[in-house]
Each structure stands twice: as structure tokens, then as C-alpha cells.
Amino acid sequence: MSCPVIELTQQLIRRPSLSPDDVGCQALMIERLRKIGFTIEHMDFGDTQNFWAWRGRGETLAFAGHTDVVPAGDVDRWINPPFEPTIRDGMLFGRGAADMKGSLAAMVVAAERFVAQHPHHRGRLAFLITSDEEASAKNGTVKVVEALMARNERLDYCLVGEPSSTEIVGDVVKNGRRGSLTCNLTIHGVQGHVAYPHLADNPVHRAAPFLNELVAIEWDRGNDFFPATSMQIANIQAGTGSNNVIPGELFVQFNFRFSTELTDEMIKERVHALLEKHQLRYTVDWWLSGQPFLTARGKLVDAVVNAIEHYNEIKPQLLTTGGTSDGRFIARMGAQVVELGPVNATIHKINECVNAADLQLLARMYQRIMEQLVA
């Protein structure tokens, strides 16, 4: 017996949509949505394909996701070619199966079933889909959100299909995410010969006390919803490669994953104060990729929890852990934002896979959420 969720997932996987190339994935979704009465608006920016689709009017529930995937890696290590979906022992293998073409298929099929049962639903059902979430994410959801906000578009609830689950579908729901702030710091010294240190100024030596103090800082202790802010040095570079040259510059890149206890400005001020304290000559470039956001218990969280409890008979954990997602952009619209998707154990890995039965279950959960919020 065929399953529409699995069939659509397989069709999407067959399209090697490496960021930001969509390779026809959105056309598949648009065709299905148009048939059930959705209005489609293409919102492409640069090399990225996006679309905004809606049906009905009033209080709005949007489903958000991305059609792009990360590279497959060494294809010889896959049990089957990564863009040829295969089911083995109930597991559907293929790049994007879990992140997040399975979720996209579940969303579309859930919408089809919902509209068939509720052709005159009271609220508005919408889709916000992009082909660039895995790479730069500069021309994707963020640009669509900016355009929607500019015309005062309404968005009350948003369910992002990111693979939130850890062991069984629905065991973890993400109702927020930490902020992400990166510092690209260059400490300036004077290059010279290692035998004549008095004629040079070693930026590595200069910066060592600063870095030692930086990594020892307790930024906050988190709160009921977020773990404590984390700072990690990601890259550090200096020198010419020669053992007799004192470097002229030291480059250090570090990233903060911060809670709602801090703002990005508070972090910047403290780092700059520390640099001044150690009397360093420096240039700095900050990159804020997302503010922290939190969706407290309310209509969306309650609907999601209800759907999971109804179909999987478990009580999900509400967590804000992990990396960033496009939910950080959508939250700017004032919407309640929650992430619910399949198990994430194999995402971005060789032999990415998802339990086929989980995708069927996910479609039913999505449909029940629609029924609670916009039926």
C-alpha cells in the first residue's frame, strides 16, 4: 500500500538540492498546494528560491522549512547513492530524509488532508519555504520575513519542521533558541626576528592574558528556559609558518551562544572593556546571526504538545538547546514559534535516514495542530 508522505519525501530526495539550489523541490510542493486552493507568491532573492503560500484568512498558522540540503560527503560510504531514496528495514535513507524533506512532505500531505476535511476553515494556513537555510541563509527566510513585515503581513503561529526529536518523534520540541554572536578579532603587534624580540611586539604574548581571562568568564547562569551562555574559541591563527619570525598579527574567532539573560550589546561591551584593560591594539568585526527567542506556553505550544500526546502517548520536553534555525527570523514577526520534526540522530551524516513510520506519524501530528488552531 502506497503512502503519500513517503512518496513525496522520495520525490524530494531525488532532487539534489544543495544550498542554495532548489532543483525543482519547491515546484513539487507548489503544484500540490495550488491544487487545494493555496495562493502562491514566489519571493526569490539573489540565488535563492523562496515561496510564501496561503489559504483562507484571519489568524495565521504557517509551516516553515527549507528544501536545501548539505553535501553528501563521500558517496562511496553510503549504503545507496544519497539522492536515490531507499527503504531498508523500515528506514528511509537519503540526503535530506531527516533534514528536512521528510518534514516538508508531512506538511504538504497534512495540509491536503486538512483542507479535504475542513474546506471552509476559519483561519489562514500558510507555508514559508526557502532553498537556503543550510548555507549562508542571507537570501532565504530572513528576506521573506523582512518583505512580509514591510507590508504588515500577519503571522500568529509558526511551526518549523526542523528535526527536533532525539530518540522517537515528538520526544523533544524546540520552543526557543539561543542567540549566536561571533567575534572576529585581530590583535596587532610588530613582526620581527625571534632572536631580536626587543625590536618586535609579539601579539600572541600580548593577547595571552586577555584570552585567559576571556575564557574564564561566567557570562550568566541561564534561566528556567535556557542553559548558561557559552563562549567558545573556534579559530586562532598567527605566524608565517617559519620558526624564526615573530608574528605581526594574531587572529582569534570566538562565538557566543547566549541566553535571554544577555543582549548582544552587553557581550560586546564586556569584550571591548577587557581588550582596553589589557591595552591591546586591535580591530574587531562582530557578526550577529540571531537573537535568542522563546515561545512560552500558549496556544501553539499547547496544540503541539496535545498532538504529540495524542499520537505518540508521550509528554515532550520543551528545550532551547542546539544551534540556530530560521525560527530566529520568524520570531521577529511576533509569532509564536515552535520546532517539531523527526529524529535528528543522522542529520548531515553519511547514511542520513529517518523511520518511515515516523513521517506518517508526523503528518498526523501536523494535521491535528492545524485542526486545533485554524479549523
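Each position is counted from 1, following the chain as shown.
Yeah, the Cβs are placed from backbone N, Cα and C, and that goes for glycine too.
Since this is a predicted model, take the numbers as computed values, not measurements.
Here Swiss-Prot has HIS66, ASP99 binding Zn(2+) 1, and the candidate from GLU7, GLU146, GLU153, GLU162 in that same listed site is GLU162.
Checking the candidates GLU134, GLU309, GLU313, GLU371 against Swiss-Prot: the one annotated together with ASP99, HIS348 at the Zn(2+) 2 site is GLU134. The recorded positions listed here (HIS66, GLU133, GLU162) include no residue with a Cα within 10 A of the Cα of HIS348 (Zn(2+) 2 binding site). By a simple count of nearby Cβ atoms, those within 10 Å, the most crowded of the binding-site residues HIS66, HIS348 is HIS66. When other Cβ atoms within 10 Å of the Cβ of GLU162 (Zn(2+) 1 binding site) are tallied across all protein chains shown, the result is 27. Within 10 Å of its Cβ, the residue among the recorded positions ASP68, ASP99, GLU134 with the fewest other Cβ atoms is GLU134. With respect to their backbone Cα atoms, GLU162 (Zn(2+) 1 binding site) and GLU134 (Zn(2+) 2 binding site) stand 11 Å from each other.
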